[in-house]
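I have placed the structure first, in the form of structure tokens, so that the comments after it can refer back to it.
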């Protein structure tokens, strides 16, 4: 059965765009499986230079830098994403960004040949910048080319691409394939492939019609792009919807990050966007993605089997993201996010229990794997894709790039903090490592329940109106309160 609005060319354009999110997923997971081999590489580099064994704490620190520097790059790229999207466009920004990816892939791929862990760290930083730009530009581009009735489902394709990239990195990272001492640098260097592929595929796609019409004021080019995406000569309805958004946001081309932060009418949607990003990264999912192999080893599973359990995490994420695509425009963003956070809260408790009593009961290692997989299932249902999507939906054309920059920066900052602090958390909290995540998940669920609106099947203008009305109501209440105080003072003076 044909889906209304879903054309072959639109599918092609989305596939080309989400290669950027595939790159993000691949480089998030690629470091996991060969962790022990890369640690050994760092130790060998140190020995060859100084003819002495590296201190274990220093080795742990350098390994944490290799993992977490990726997020530093992501913060830089993510924060620049709004500026790049406005200055050169969504599509051209993605095309230029692939040059950064090629550089990062070459640094990582050549690090072993040069016996330089510094080159590996630099490569991870550069590919992080690329992925940060991707996480800002790709959701922006897809949300702006998707028809209203498909925006939710197509927005979920972002997360699907991330999970496919994650899974492929875990499969290729197995020791019989590219996770061995002799091939791990090739595994990391494979980031060059999606970069080159996107450069070829995206070059035949048009720019975002919204960007063409509302930012560049090129109405004919916007109509031409819409006709290609919709496979229909009649695109007046889409143009009218964009015009309505423009009328609701007269400052369409003038919002900077500072102006967005200072805008009282946009305070609430900005807070929601930030908290939604935090609910994704501070949920504990990155502890699973970065350190799942070590987590499974801690529960008593042999290292060889732990890698396969980690691969199971990737398979589950792909399958559940596929399941969530049709649900996104049926159940709604808010509902799915609540279910996702609630399920993660429950299974984070089970992960803690399995760590606590792993020595008492042998079958607890099985429970730890099942709990981790269920934790990932509920992440894929809600927090995996919704934060990226809802930030693009809560803001209009003039404020969207600045909002995406702030949200993506917060996402990568929290990503970095989890990546760098989780090993220390393991030392401090030991078997209670997941307890802080459990508390945060409860807080995020309460916030979502009371403050996050449903955006399903609403235009950008309708969503914007929700917050403008709320801001007006709050202003009216403040004025009424001031009037009441003045009246009380006048009565007391009499």
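Note: Cβ is positioned from N, Cα and C throughout, glycine not excepted.
TrEMBL labels come from automatic prediction, so no person has curated them.
The feature transmembrane segment is assigned by TrEMBL to 7-26 (among others). Within the chain carrying the transmembrane segment (7-26), a Cβ under 8 angstroms from the stretch's Cβ atoms is held by residues 94, 97, 101, 127, 130-131, 133-135, 137-138, 141-142, 145-146, 154, 157-169, 190-191, 194-195, 197-198, 201-202, 205-206, 228-231, all 6 or more beyond its ends.
The domain 'Major facilitator superfamily (MFS) profile' annotation in TrEMBL covers 13-456.
According to TrEMBL, the transmembrane segment annotation covers 61-83 (among others). Residues 27-28, 31, 35, 38-39, 42, 93, 97, 100, 117, 120-121, 124-137, 140, 257, 290, 400-406, 408-409, 411-413, 415-416, 419-420, 423 of the same chain lie 6 or more positions beyond the ends of the transmembrane segment (61-83) yet place their CB under 8 Å from a CB of it.
Long-range neighbours of the transmembrane segment (95-115) within the same chain, counting only residues 6 or more positions beyond its ends whose Cβ lies under 8 Å from a Cβ of the stretch, are 20, 23, 41, 44-45, 48, 77, 84, 88, 122-130, 133-134, 137, 184-186, 188-192, 194-196, 198-199, 202-203. For 95-115 (among others), the entry in TrEMBL reads transmembrane segment.
Residues or ranges marked as transmembrane segment by TrEMBL: 121-142 (among others). For the transmembrane segment (121-142), the list of distant contacts is 14, 17-18, 20-21, 23-24, 27-28, 31, 62, 65-66, 69-82, 84-85, 90-91, 93-94, 97-98, 100-101, 103-109, 111, 154-155, 157-158, 188, 191, 195, 208, 388-389, 391-392, 400-401, 404-405, 408, 411-412: same-chain residues at least six beyond its ends, Cβ to Cβ under 8 Å.
Sequence annotations record features per position, and here TrEMBL assigns transmembrane segment to 154-172 (among others).
Per TrEMBL, the feature transmembrane segment maps to 184-205 (among others).
What TrEMBL records for 308-327 (among others) is transmembrane segment. Outside the transmembrane segment (308-327), and at least 6 residues removed from its termini, the chain residues within Cβ reach (under 8 Å) are 29, 32-33, 153, 156-157, 159-160, 163-164, 166-167, 169-171, 174, 288-289, 292-293, 296, 301, 336, 369, 372-373, 376-377, 379-382, 384-385.
As annotated by TrEMBL, transmembrane segment applies to 339-357 (among others).
Here TrEMBL flags 369-390 (among others) as transmembrane segment.
Per TrEMBL, the feature transmembrane segment maps to 402-422 (among others).
According to TrEMBL, the transmembrane segment annotation covers 434-452 (among others).
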Are there residues at least 6 beyond the ends of the transmembrane segment (154-172) whose Cβ is under 8 Å from a Cβ of it, and what are they?
14, 18-30, 32-33, 138-139, 142-143, 146, 178-179, 187, 190, 194, 289, 307, 310-311, 313-315, 317-318, 321-322, 324-325, 328, 380, 384-385, 388-389, 392
What same-chain residues lie close to the transmembrane segment (339-357): Cβ under 8 Å, and 6 or more beyond its ends?
279, 283-285, 298-299, 364-365, 367-368, 371-372, 374-375, 377-384, 386, 431-435, 437-438, 441-442, 444-445, 448
Folded-back contacts onto the transmembrane segment (184-205), same chain, C-beta under 8 angstroms, at least six residues removed:
12-13, 15-17, 19-20, 22-23, 26-27, 30-31, 34, 37-38, 41, 91, 94-95, 98, 101-102, 104-106, 108-113, 120, 123, 127, 130, 165, 169, 172-173, 178
